[in-house]
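Annotation source Swiss-Prot lists active site, proton acceptor at ASP182, citing sequence analysis. For VAL46, GLY47, ALA48, GLY49, SER50, PHE51, SER52, SER53, VAL54, LYS95, the entry in Swiss-Prot reads ATP binding site, with the evidence type sequence analysis. Annotated domain 'Protein kinase' per Swiss-Prot: 40-402, in sequence order. Taken from Swiss-Prot, the feature phosphothreonine applies to THR264, supported by a curator's inference.
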Amino acid sequence: MLSMLLPFGNSGVYASDVDREDRPEIAKLVQAFPTIEEDYHVVKLVGAGSFSSVFKAVDRHFDSYDNSYWISSQIEDQMPHDKTKRPKNHFVALKRIYATVLPSRIQTELEMLHELRGSDCVLNMITAVRHQDQVLIVLPFIQHAEFRDFYMKYSLPEIGAYLRDLLKGLAHIDAKGIIHRDIKPGNFAWNPYTQRGVILDFGLAQWQEADAPTENCCVDKLRKLKQEGKYYDYFPFEKTIADPPEGYLLHDPRPTKRADRAGTRGFRAPEVLFRCQNQTSSIDVWSVGVILLCFLTHRYPFFRCEDDIDAIVELAHIFGRNGMSNCALLHGQIWSDNIPTLLDQKHNWLDLIASITKNDENLILETSSDYQVALAIDLLDKLLELHPSKRVKAKTALQHEFFNACGVTRSGFEAENPFRSDFPSTVEQ
């Protein structure tokens, strides 16, 4: 999805410095919104995607309104502490959604952005403007750095600070009953100087279903359909393993396996790949685990799959044949392979990371204490849990001892720490 923020190198743009090469696109924006120049002076095209384009602009009437509802500590932190040295112009980001996007999709995004106001770790919507079939969302302008510029240099305490704000934002999103669906470094604006970050881009977000997945997930749903007479297994499970099907039904009454598969390749959870219909905010937590794996292995992106099948095979090489087989059954699917390099059991995280980074410099495993490394691996294991109902929640993950060991504040979530009793006491600090 499209990132709506500029990197540090472009943050010092003045109102008179309109980029020459961006003028045609800015002219199209002004043509689509004839009155936009009355409120905002557009200075730069940040980027454009399939569904939207984003511009940097000066808010002409910033001092005329009460901005306290969206001016978070994130915005304050990126400004000079001396108010007399603060820039005269206050920048915002203008996200223009193309008319080809379904109105219902635009409405959902606006409703979610409005509902999510109030968190320092989630991008707050300032306002929205509509002119005929054109919609413009006004958002805060936040300085950030590219993930590739710092992820290989970060120590465990710095990784902890990064994950703190990411998980805090996800906890807020989850509490509102929303699934982001596209958590990745490109959708988390991180400022390495202030050590703060915000989650952005809710173009794929969805409201979470009321029914959370059971321990047996899709299997329980299929059983319920059979009991209600809405599903009949014409080709029994036991027979399809031993023999090929004798034929195919002309009018098959069985429901097809349809589920939302939106997201970015390499960051989608196994239940998304197996087309589970009971997806929850746990898919966002899985994406956080992939980001942590990128930090620990110095590999980004870590997974380089081209399609869903390749993605499942990549996971199988880490979690083993047995793990993926059980995961598939959980979602009403069958996993079978003849890959000779595939092991039956899951790889040990420490061994995997060590083998990948053995020739790298600034190794986290060598520069951090054994206690911190062990806690990081334990957190990674809880984030990358194949079973969605057993995967740690974002709010619970914030209480993990890893953050305390790295000197990272737990961001105001004062729940009882559920990890103190289950983490091995044999690990020495």
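Keep in mind that glycine also has a Cβ here, set from the backbone N, Cα and C atoms.
Keep in mind the model is a prediction, meaning the values are calculated, not measured.
Features as recorded by Swiss-Prot, highlighted on the structure.
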residue	record	DSSP (3 states)
VAL46	ATP binding site	strand
SER52	ATP binding site	strand
ASP182	active site, proton acceptor	coil
THR264	phosphothreonine	coil
Integer Å distance between the CA atoms belonging to THR264 (phosphothreonine) and ALA48 (ATP binding site):
17
In Å, rounded, how far does the Cα of SER52 (ATP binding site) sit from the Cα of ASP182 (active site, proton acceptor)?
16
Of these recorded positions, SER50, SER52, THR264, which scores lowest on Cβ atoms within 10 Å?
SER50
Considering only the recorded positions VAL46, SER50, VAL54, ASP182, which fall within 10 Å of THR264 (phosphothreonine) when distances are taken between Cα atoms?
ASP182
Cβ neighbours of VAL54 (ATP binding site) where a neighbour is any other Cβ within 10 Å:
23
What is the interatomic distance between the Cα atoms of ASP182 (active site, proton acceptor) and SER50 (ATP binding site), given in whole Å?
16
